[in-house]
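For 175-249, the entry in TrEMBL reads domain 'Thioesterase'. Look at TrEMBL and you will find 273-309 tagged as region 'Disordered'. The compositional bias 'Low complexity' annotation in TrEMBL covers 282-291. If you look up TrEMBL, you'll see 292-309 marked as compositional bias 'Basic and acidic residues'.
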Amino acid sequence: MTLSRLGYRNTIIPLKAPLHARTFASTVISHRPRRTLLTLGFSAVASLTAYTIGSVYPPPALSYIYSPYSRSSSSSSSVIQSTPSFSPSELDSIESQLLSLPLLQELRSSSSSNEYYLTRPYSSIPEERRVNNLTAGALRGPGRLAVPPVVWAKKDESEAFVFVHVGRGLCGHDGIVHGGLLATLVDESLGRQAITNLPDRIGVTATLNLSYRAPTKADQFIVIKTKLDRAKGRKVFVSARVEDLNGTLLVEASGMFVQPRYAKLLNSTSIQQAIGEPPSSPTASSNSTKPEPLHLADGEKLDNLRKEK
């Protein structure tokens, strides 16, 4: 009897796999451990290379997390000095660097330099007032605001450049200047720009808006560029940019300053000493023989009352 008669005409009987096929399959499986070892070895070499390069040339983000400044090695039981102590030569070095900054030298040597003047805020206020002042007293010293800032201001008081050195004792996160300290510097710089444009040279902060654009590293010079936006009566609107010496934008700010209604009763001499006065012109002082008019308590000039009579 044939297979076709039994119904196996279209049936294919599977045969067992030949010996060489089984040998080939076992050969593929035997290469997997070698491929895994090569992958692990390559990953280890790449990781070691990346770590070495990152240690030699760390990205900025890592320098913010792991500060380059050394911490005190003193034990917890010993007294840790809160701020470093500088020798007079180190303070003189910061002062010399401040006055020789390239941007400041460029401004002083420009063709429009006769439209500006240089002044040093807080440098002429008496000691009895300095001790009760934040920026001129508590924040002044080695590792903080080591030297008074330099202001390069336009004579029409429309703009100014404020050069400041911020030390390592002004940090929030280690190595990064505290944002509140930057807000204080911006507030006083904008205040100076506003006060010089108010009628009685006395003003207070009404609004202050800040946008922090990049971390500000400690122990460097920064430039606060202030500008008068508009003035209307007792209100002055000003804006500022804080940059490092490379021109990187660190902070943007704007504010409104208002002259109090009782400003006419106050003496603005101390404020002018604090913010830095423009140098007086010898010619103008010698030619001005007419005395300044006296003011009454309400601010009205006494000469006007005499004319009315």
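Each residue, glycine too, has its Cβ placed from N, Cα and C.
What you see is a predicted model, and the numbers here were worked out from it, not measured in a lab.
On the 0 to 100 pLDDT scale, the model's mean across the domain 'Thioesterase' (175-249) is 97. When the domain 'Thioesterase' (175-249) is classified with DSSP, helix, strand and coil residues number 17 helix, 36 strand, 22 coil.
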